[in-house]
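What TrEMBL says about this one:
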- 4-393: domain 'Major facilitator superfamily (MFS) profile' (DOMAIN)
- 12-33: transmembrane segment (TRANSMEM)
- 39-62: transmembrane segment (TRANSMEM)
- 69-88: transmembrane segment (TRANSMEM)
- 94-121: transmembrane segment (TRANSMEM)
- 133-152: transmembrane segment (TRANSMEM)
- 158-180: transmembrane segment (TRANSMEM)
- 201-221: transmembrane segment (TRANSMEM)
- 241-262: transmembrane segment (TRANSMEM)
- 274-293: transmembrane segment (TRANSMEM)
- 299-319: transmembrane segment (TRANSMEM)
- 331-353: transmembrane segment (TRANSMEM)
- 359-380: transmembrane segment (TRANSMEM)
């Protein structure tokens, strides 16, 4: 399975590039189309609406045509969307490309994650951290490349770059061998984390609801950073657009470093303790950004935010699968679905807030979202410590 993991990592790299392609060129794109932040937020929403469609369809597609052909289709969707976007089409066509790009991203992520959660039990966080490092590397490279393209007055070349890489990966999936039972248990393993024991369908519904709520908030926060961080620095600190784009590069540089470390740290630190430190640091750093309006200090805070946020998504996802053994496909689909919802709704809301509130107020809004994420973790930790009694099962059921 080493070949599958390596190619899956390349797909995650491409996903990182594609995920950042819109946000990195956001200011230039809005200027070209003479659009407001509100419309820009709606484009981000449309991309994640396509993501939601992909989440719902990917499992059905896998059952019909298998993992290999699903990933070929996903790569092709992203390639078409990125290349057409690079041509700067009329707005109605741009709307369609945003939908197609989101669809391809969801098919890629849901298919790869579901297979890894199933095939690498006991090593999920270690293996998934490799995927997240690759995703972070793509998210790091894209803003850096687009910054150069902006300086050369060809800011749309980033979309061509992603499209070509996607086409190459589409061809690669035609030849990679897939063997789900080969070497999946060989290698470093996650630190022991006790299975969360809850009794009753109501308690299980509460538990999965908290997990997907955390995913919703985290992905929403990350998407706001991806798409609005350069705009925040342009308006808040008054720096040039080409330089402001590099703040996303700095953020993802820290994310890549943090995710590489996550694969090692999680071998000795339980899931809940890791999240407590990471989410707590994220909350404090957003507050410091709101309090201190200094270019160098804010750049340091952005880097530390990248480190703090780097492992949150993968550990929440692995923790959720760990809490519901034997339900990997269902849990992964729910996690991916709410990741898409968070990535769609929160940037749309934040785009509206950027048009109507000051940057400082919006930074406090981000702090509040991080505080809510921290509160949800406390609920999980109380369940882990068996301090929450079973909930009556007269509500919706999430049975094991």
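Yeah, the Cβs are placed from backbone N, Cα and C, and that goes for glycine too.
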Please figure out which one of 12-33, 94-121, 158-180, 274-293 racks up the most CB pairs under 8 Å against the transmembrane segment (241-262).
-> 12-33
What else in the chain is close to the transmembrane segment (12-33), if you only count residues 6 or more beyond its ends and a Cβ gap under 8 Å?
-> 39-40, 43-44, 47, 75, 78, 82, 85, 88, 91, 94, 98, 101, 104-105, 108-109, 112, 131-132, 134-143, 145-147, 149-150, 155-156, 158-159, 161-162, 165-166, 169, 226-231, 234, 241, 244-245, 248, 252
Two-stretch contact, the transmembrane segment (39-62) and the transmembrane segment (299-319), at least three Cβ pairs under 8 Å = no
Short question: which residues 6 or more past the ends of the transmembrane segment (331-353) have a Cβ under 8 Å from it?
-> 37-38, 40-42, 44-45, 47-49, 51-52, 54-56, 59, 102, 106, 109-110, 113-114, 117, 208, 211-213, 215-224, 227-228, 313, 316-317, 320-321, 324, 361-362, 365, 369
In the predicted model, what is the mean pLDDT computed over the domain 'Major facilitator superfamily (MFS) profile' (4-393)?
-> 83
State the non-local partners of the transmembrane segment (94-121) in its own chain: residues 6+ outside its ends, Cβ under 8 Å from one of its Cβ atoms.
-> 1, 4-5, 8, 11-12, 14-15, 18-19, 22, 33, 43-44, 46-55, 57-59, 61-62, 67, 70-71, 73-78, 80-82, 84-85, 127-128, 131, 166, 180, 184-185, 317-318, 321, 328-329, 331-333, 335-336, 340
Okay, the transmembrane segment (133-152) and the transmembrane segment (274-293): do they have at least three CB pairs under 8 Å, pairs separated by 6 or more?
-> no
Chain residues outside the transmembrane segment (299-319) and at least six past its termini with a C-beta under 8 angstroms from it = 113, 117, 124-125, 128-129, 131-132, 136, 190, 193, 211, 214-215, 218-219, 221-222, 225, 229, 247, 250-259, 261-262, 265-266, 271-272, 274-275, 278-279, 281-282, 285-286, 288-289, 292, 332, 335, 339, 380
